[in-house]
Amino acid sequence: MSHRNQTLGEFIIENQSAFKYTSGELSRLINSIRLAAKVVNHEVNKAGLVDIIGTAGDTNIQGEDQQKLDVYANDTFIKTLTKRNIVCGIASEEEDDFISINSQDENHQNKYVVLIDPLDGSSNIDVNVSVGTIFSVYRRVTPVGTPVTIEDFLQKGNQQVAAGYVVYGTSTMLVYTTGHGVNGFTLNPAIGSFYLSHPNMQFPENGRIYSVNEGNYIHFPKGIKDYIKYCQMEEGDRPYTSRYIGSLVSDFHRNMIKGGIYLYPKSSMNAKGKLRLLYECNPMAFLAEQANGKASDGFTRIMDIQPSELHERVPFICGSKNMVEKAEEFMRNA
Ligand code: AHG
Ligand code: MN
Ligand code: MN
């Protein structure tokens, strides 16, 4: 079958045998993420309309509703994953602690834990700019039959069995990996199905785009400043350009397609950067590596970092391989 006609549902079934563990649970898990993504997409698309209602009615509603969309996305993903009896635990950027699923999984037979950033780039909602959802899946390390513990969530990124994101953009896309490359699916909103539109996505080895919040420049470490200066310098054949949406999912997505680097370094304001290792950096690192890119904290491979707490932050440099390596070189020599 030509990939142009293949739906995500068909793709999942066809590729199930390629999974390391073939019980079908991981397929069902991806399926439930697909469903939650459609539900959240519907709500995100209404954000502008809610604005109009807000202006006509209650002047305070805009800010409140924007906040609600974070919560809505969080609840939708948690409910969908819980009800389908697939996962034993969920950790979310929006929750203080992890959730142990007992209601549907009384005997704790489920094997997978999911970590999510339900709405990434949430400051972009009220200005009609792309937002996203990021997810990451691990097999539990504690024995089946017992409740999940923090250990099940504090695994290194290199233990991920699946990761991906949804980008609610000009089109809505679901992009994911199970360790066999990265595939992107675009939602046909008329039909409500995702179609394989971007098979085997790859970061170009070199790129021309650097994405960083340059407003924080004076607070960055010397190595990062040097790298940014290197990008700005007009020398020979390296005309770099800057693009920063402020929504990791969207910046990553563009850079994967066009070639580029995303940086959220530590700074004198944020000693460990801003992005969360478990909900943002690890899943994006897994996708990057599966797409021939690279992800690092400037010195160490992101996926080799041992997490010590759920909401841990880490400096993040991710994208086209040669660009990330160049940035690391500047960090080493600073
Ligand atoms: P979230 O909306 O989940 O809190 O994440 C926002 C993150 C990331 O998506 C984005 O790249 C970064 O924060 C932007 O931060 P600055 O506004 O500091 O540049
Ligand atoms: Mn985020
Ligand atoms: Mn978020």
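Cβ coordinates are placed from backbone N, Cα and C, and glycine is handled just like the others.
TrEMBL does not curate its annotations; it predicts them automatically.
Marked as domain 'Fructose-1-6-bisphosphatase class I N-terminal' by TrEMBL: 7-199.
The Mg(2+) 1 binding site feature in TrEMBL is assigned to Glu93, Asp117, Leu119. If you take the C-beta of Leu119 (Mg(2+) 1 binding site) and look for same-chain residues 6 or more apart in sequence within under 8 angstroms, you find Val40, Leu69, Asp70, Ala73, Asn74, Ile125, Val131, Gly132, Thr133.
Under the three-state DSSP scheme, Glu280 (Mg(2+) 2 binding site) falls in the helix class. Within its own chain, Glu280 (Mg(2+) 2 binding site) has Glu93, Asp117, Asp120, Ile134, Leu248, Phe316 as residues 6 or more apart in sequence whose C-beta sits under 8 angstroms from its own. Positions annotated as Mg(2+) 2 binding site by TrEMBL: Asp117, Asp120, Glu280.
Per TrEMBL, the feature substrate binding site maps to Asp120, Gly121, Ser122, Ser123, Asn213, Tyr244, Tyr262, Leu263, Tyr264, Lys274.
Residues annotated as domain 'Fructose-1-6-bisphosphatase class 1 C-terminal' in TrEMBL: 204-331.
Checking the binding-site residues Asp117, Asp120, Ser122, Asn213, Tyr264, Glu280 against ligand 2, the ones with a C-beta less than 6 Å from an atom of that molecule are Asp117, Asp120, Glu280. Within the model, the domain 'Fructose-1-6-bisphosphatase class I N-terminal' (7-199) carries an average pLDDT of 86.
In three-state terms derived from DSSP, Ser122 (substrate binding site) belongs to a helical segment.
Proximity of the binding-site residues (Asp117, Tyr262, Glu280) to ligand 3: a Cβ under 6 Å from the molecule is found for Asp117.
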